Amino acid sequence: MENFFSILGGMGTMATESFVRLINHRTKATKDQEYLNYVLFNHATVPDRTAYILDRSEENPMPFLLDDIEKQNLLRPNFIVLTCNTAHYFFEELQAATDIPILHMPREAANELVRQHTTGRVAILGTEGSMKAGIYEREVKNLGFETVIPDTALQEKINYLIYHEIKESDHLNQELYYEILEEAVERLNCEKVILGCTELSLMNEFAEDNHYPVIDAQSILADRTIERALAERNEALDTVSEK
């Protein structure tokens, strides 16, 4: 297979399924051959990223992720998509282990703030691990935006939605989701809310009548993935036609 990309997912699996669904549905295709070529690594047994970030005595996910990168080096995709926000804590080490470009989901989400001409405060929602590591805060602040991190009470609600409702119970609790967004916009006085966890993106995919100003990181990554894959496919076709 030529002109393909690789998806490094499984963290978690339902969120990865959501990402794959997005790229398939958003790719404009009228026949099988017009869809995108990709390989999916659904590495569900990667140890919990947040658990390790919060407590270094927990099992380190890095060796598992590096093993995945070594396999990518053998396959030689055009680029790699990492569909776990918290795993971007290891991004620099992962990118250093390969010459294949890895798309940076938090950076793409931060760039979307610029595209949408954001001027106000930006709330960042995600796992405790990504909050502690500053994965999104760093990218957003680098572009000059004021960031707001959830306080303990709000973070507990986010944790409950991500881990208990979605990961453990496979339940998309729309009422709790909207309660969290309302707090971020109204109580924290934020113009935009970044969904910096793929479980939150999964929640957003199926939320009805969502009028909150969210920046859905996974949705944006899906769009950038499609754009890049199509551009590289077209470039390859142009090269062939010139010969």
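Note: Cβ is positioned from N, Cα and C throughout, glycine not excepted.
Look at Swiss-Prot and you will find ASP48, ARG49, THR50, ASN85, THR86, ALA87, LYS167 tagged as substrate binding site, backed by similarity to another entry. Look at ARG49 (substrate binding site): DSSP puts it in a helix. Around the Cβ of ARG49 (substrate binding site), 25 further Cβ atoms fall within 10 Å across all displayed protein chains.
Marked as active site, proton donor/acceptor by Swiss-Prot on the basis of similarity to another entry: CYS84 (among others). Counting every protein chain shown, the number of other Cβ atoms lying within 10 Å of the Cβ of CYS84 (active site, proton donor/acceptor) is 28. Following the DSSP three-state reduction, the secondary structure of CYS84 (active site, proton donor/acceptor) is coil.
The annotation active site, proton donor/acceptor is assigned in Swiss-Prot to CYS197 (among others). Following the DSSP three-state reduction, the secondary structure of CYS197 (active site, proton donor/acceptor) is coil. A 10 Å cutoff on Cβ-Cβ distances gives CYS197 (active site, proton donor/acceptor) a total of 29 other Cβ atoms nearby, all chains included.
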Taking residues ASP48, ARG49, THR50, ASN85, THR86, ALA87, LYS167, which bind substrate in the record, the widest Cα spacing (Å, whole number): 16
Out of THR50, ASN85, THR86, which of the binding-site residues has the smallest number of neighbouring Cβ atoms within 10 Å? THR50
Counting only residues outside ASP48, ARG49, THR50, ASN85, THR86, ALA87, LYS167 in the same chain, those with C-beta within 8 angstroms of the substrate site's C-beta centroid are MET11, CYS84, THR127, GLY129, SER130, CYS197
